[in-house]
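Working notes, beginning with the structure itself.
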Amino acid sequence: MAALAPLPPLPAQFKSIQHHLRTAQEHDKRDPVVAYYCRLYAMQTGMKIDSKTPECRKFLSKLMDQLEALKKQLGDNEAVTQEIVGCAHLENYALKMFLYADNEDRAGRFHKNMIKSFYTASLLIDVITVFGELTDENVKHRKYARWKATYIHNCLKNGETPQAGPVGIEEENDVEENEDVGATSLPTQPPQPSSSSAYDPSNLAPGSYSGIQIPPGAHAPANTPAEVPHSTGVTSNAVQPSPQTVPAAPAVDPDLYTASQGDIRLTPEDFARAQKYCKYAGSALQYEDVGTAVQNLQKALRLLTTGRE
């Protein structure tokens, strides 16, 4: 992909989107579709924050130029031209990153790469809002990922051992970005998610994350590659994990076959949702994620045969 024209300095008003823009830069070569939507999210959010002051107008204008250049380079890529495909692509990518970090966490393997994966997953779920309202599941994943990144980062910084696993996932408090995260001392017991402790990569030493790559599939759940496949033309020397046995597909609910098609009336919205689930399934199969593909196909089948989800 051709290099994009650089952006001017980020106005202070746009501080809340700086990490989304950084994520875009990190994915320019790794996954241009993800990079495109990260910039689109930053553009839309920036417009809502301030589109009138000269420095903000100039920044947004240059960001728009980047978006137009990216869209031209991506051409007829369905993930950009079709929102359903684009949403599925982003959701699957964010989920792979979340599952990689969650698997490392549950196994007690705490490191900077895992912290960044948690935090980046939360940023990508922010980006999914360009397609509309988030699902309840995505909202929970975002809150949990951002809090886990905060908690583990603070523990490691303070020389403490984090508690593995889903601690405090049921808490209602939202996690917001806080520049003072590094100054917060932790109690003996793991804290619950709160607005006073949020992970901010900028608080780490310069270069802490430079060049970090998630090992493809390393320590990730079966059929859940940590790094979404992409074609770069560069051969990786990383050791690949041994082939994993594909788990048996979940049994399909017999009720789906007994529903009478003639007894239900589907709306255009029902057909659109069914199509969305099929697109999600197709995207999951690109990553050999059988479980997610089957789950989405079952959702589509249930909707089409019962008229409900």
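Just so you know, glycine gets a Cβ as well, placed from its N, Cα and C.
What Swiss-Prot annotates here:
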type: COMPBIAS; residues: 232-245; note: compositional bias 'Polar residues'
type: MOD_RES; residues: ALA2; note: N-acetylalanine
type: REGION; residues: 2-75; note: region 'Interaction with CHMP5'
type: REGION; residues: 2-186; note: region 'Interaction with IST1'
type: REGION; residues: 173-254; note: region 'Disordered'
type: REGION; residues: 198-309; note: region 'Interaction with VPS4B'
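In the three-state DSSP classification, the residue listed as 'N-acetylalanine' falls within coil.
Spatially close to ALA2 (N-acetylalanine) yet at least six residues away along the chain are ALA69, GLN73, judged by Cβ distances under 8 angstroms. If you take every residue in the region 'Interaction with IST1' (2-186) and average the pLDDT, you get 89.
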